[in-house]
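K.L.:
Shown below is the structure under consideration.
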Amino acid sequence: VADCGHHLEGEYIFFQNLQTFFLFLARVKTEVQAGPLYRVLGSPLSITCSVSGFRSENTDKHFEFRMTKPSNPDFEIQIISSHEDTFGYSSHLSRVRKNEITLKRLSPNSVRFEIKSLQKTDEGEYECTAVNLEGAYDGEYSAKTVVKVIEDSLSVSSSASTPLSLNEGEALTLTCLASSSTSQHTHLSVAWYLHKDGQEDAQPIISLNRDFTLSPGQGFERRYQAGLIRLDKWGEASYSLKMAEVEPSDQGRIYCQAQEWIQDPDGSWYIIIQKNAEEMTLTVKATGWNFTQSSLQEGQELMLSCNINTQDVEKRFFSVAWLKGSVELARIGPTGVLTVAPEYSVRQKNGELRAARSGNRDYRLILKPVRTEDQGEYICTVWPQERGQDDTFIEGEPKDSSPQRVSVSATGVSKLTVKMQQAVNVAEGGGLHLSCKVDGVQGQLSVTWQHKPTPTAPFTEIISMSQEGVTEIAEEFVSRKVKVMRPSTDNFTLALDEVTLSDSGVYQCAVSERKPNSKTHNQAQTTTVTVTSIDTLMGVSLISRKTRVIVGEKLELMCRVKGPHMPVTVTWSVQREAKTPDTILTLSPDGTISWSADQNHYQLRVESRKTEVMYYLLVIGTSHREGGSYQCNVSVLLKNVHKELKASNQLSVIKIMKMLSPFLVSRLDVSPIPALTTNMNTDITITCSIITKTSESSLYSITWLHEENAGNKTIVSLDRNSIVTESQVDLRQRISMRRSKGPTFELIIWQARISDKGLYTCKVGEWLQDPRGEWYLLSTVSKSTVLTITEPAPNLRLDKKEQQLTAKEGDEVKLNCSITSGASGSLFQVTWFWQKEIETKQRPIFTVYRNSTLQDRFGENVRLRYDHPDPSQFSLTFLNPGPDNSGLYFCEVEEWLPSLSRGWRKVAVEKSGHFNVSVLTEGRHVLTHLVISLSKYHKIIWKYLSFKSSQGKNSSSSLWAESVPMNKKPSGDD
């Protein structure tokens, strides 16, 4: 039992290895991600399925997805198919129709299966099948993977969710708790994010990756390297963010995000769940202004507050000054002493100008009543002051606030007017800027920008600015890059970037003016905006002054981009023969060049003109390798999507027809090959001789082709180094090639067969070396001939002579089978037959097959000897015959000839003459001879007996008794 078990185990291992071997040889292979794939309940699932090995690589393949559940592994559930809308069972078909389960094509040979939200019932084994449309099957057309659905156990929370206000330079510390209780081996990554107002996406501040490495976010690298930003892990689940000195740019909503990662069996890491903690709103007060109003009327109060935001402000000294343009109004020194400019001293004495420190950080300047000449641009300048040992102050570097414009209008009747440009044209993807000019301002202004696509449609709001300067973006435009600016007191500007074709239409600037103790005045003005398609405005054309270039020359290709100047990506590529295009270089909008080809062979030059940009590609020192189709692809980045520009003419692809060697024309010629006729099974030589050549340094490649009923096939190919690159497998043992001076190439076919007939073509390629040392094919010449193979007619002949053989019992009896004629190359199968008596059937007793296999069919106690002394002689000898071996013998010969398409085939069958064999015993040879001699008169005797039976009662008498009286026992004389 142990031996048997060991034997079976060995067979099993052999079968596994054999199965692996055949899978390795299989042409088609289907693959999915290896399982099990652990995914969280409610999270998405994606499985990529790809197939390779189909004959048509560029044709879209169809895929089907099925699954089996652990509770019923033998029941297969159909889910979704790329070619049949009703493929799925009812349990999944509704989810497919709601796009909760999708199948997206990634390439002609791959798809991605997706489930948007996993359910517990989605756990099971998934199978992807590539539909075979080729008929025959050769390989693996399906692949399986297992999906495990686990519970969500990730918990994320933050220590602070209430708003927090800090001054510039103060410290911030936040804590995030993140943990998971899953039973699977997972890793956590934690990151802190800042989401600024008006921005679509949050930006990472700092993150701790799953491999416990720290990475600062973009814009925070400097402070991270200086140690001002840290992320520390405490215990198992606590992650703290520390910012030593907050800046005004840190203002926004801060939150932490945790991601749980699992490693799939293929080694890749996958996020199975991601959660955010509560947001905390952070306000950072920067050093700068705090205006009560920016637009005033005569007599109102103008208050300018200057805020100092830095650490330990209560322990430090500062000087603060207010300036209008370049003129200083007033200054508060480090000890709180106020100094006023001479031109404002009278207003200070009259109480119209006041300045004071209102807190550790705040300084205020008040002008009341404000005058029209007070309008203008104001800034606040702060100097840090260090007190020395002698109580004198050392002034540090000043810091200015951002400028703020103040407008003061005279009181009276509203004279408000609004003006806009009549019509505006803008290119798709460009920026739209509309100016709204306001005149006669006497009060506080607010503005609202509106849009409608057609003149009859209602206006919808885009953005508004209140009297206090607060902007509000309409919900439809929140994700767009839009803002309203007030570059001066009488001008409102709408800026909308990356416009689309749908942004065409009518735009309205609606202005409201409010004065104290007066009603609100409204004025509006409209203009028409037309957005022109980028395809209309811009065009691409490719220009070359040459299509045939001499080797070593320079080649200049020009790619012209007409239209407005926009950030574009330009890619130069070349396609050689039928291969896929090879990228040479890519020029990015920021001017970065990414080289994919050898930079030593190419140069790029850009010329910018008023209405077009020229991108020149210079090919240096051309060789035959540079021949091909050159293409220039230009794309414009519109709303983060590259839009490729259409070619404005039919020259977007230039084909460099041929790289010509200097003053070199091919002179290659091959001598004609005469038609050949030969017999089957003879050796054939077909000669292909080069009679003229271009250069003594030329090298030659040669291909022999054979065309019969099955079409044109390559017999053998040699490259220019005489290395065999291709040969027909079933002819390798019967063909050879020989090269002699000239050069002359000979194809030798050994032992020709009928299938070797047909048209033979000798295709010679001449190769030369260019100045860069690269070999190129200069030209090819082909010559053909017809080969006829004659098949000999059947010519099998045997010795037909009748022979009488008599031998004593125990003596040898030899039966010779002689072939007098037959076809060359034939093989023979010989069978001897025996007929014991006239009434018995002919019986085969011995066969010699054409492969020299012997078969003794006698089945009796007879010793036989077979001899084959020469190709036409076969003999069978009875070594110890007895009387029972007497009878009629002959041999039958089958002639066989070889055939490539049908193997060996039988062409003729012949029989020899008869051998009448008599084996005698002592005292019986006369009777035996008589019986055998009379055997040929059997029919005559039988007719005589039939006649006698009709003559009365003697009709039953024996013929032998009447004609040849015989004793019951023979005497010695007999």
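Backbone N, Cα and C atoms are what each Cβ position is placed from, and that goes for glycine too.
Since we're looking at a predicted model, the values are computed, not measured.
Residues or ranges marked as domain 'Ig-like' by TrEMBL: 42-147, 152-259, 278-382, 403-530, 538-652, 662-764, 794-901. Taken from TrEMBL, the feature region 'Disordered' covers 950-974.
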K.L.:
What mean pLDDT does the predicted model reach across the domain 'Ig-like' (152-259)?
P.N.:
88
K.L.:
From the DSSP assignment alone, can you count helix, strand and coil residues within the domain 'Ig-like' (794-901)?
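P.N.:
So the counts come to 3 helix, 61 strand, 44 coil.
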K.L.:
May I have the DSSP-based helix, strand and coil counts for the residues of the domain 'Ig-like' (538-652)?
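P.N.:
Result for the domain 'Ig-like' (538-652), in helix, strand, coil order: 6 helix, 65 strand, 44 coil.
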K.L.:
Run through the domain 'Ig-like' (662-764) and tell me, per DSSP, how many residues are helix, strand and coil.
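P.N.:
Computed counts for the domain 'Ig-like' (662-764) are 6 helix, 56 strand, 41 coil.
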K.L.:
Where DSSP helix means H, G or I and strand means E or B, what are the helix, strand and coil counts for the domain 'Ig-like' (278-382)?
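P.N.:
Looking at the domain 'Ig-like' (278-382) with DSSP, the answer is 14 helix, 54 strand, 37 coil.
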K.L.:
Go ahead and report the DSSP secondary structure tallies for the domain 'Ig-like' (42-147): helix first, then strand, then coil.
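P.N.:
For that range the per-state counts are 11 helix, 52 strand, 43 coil.
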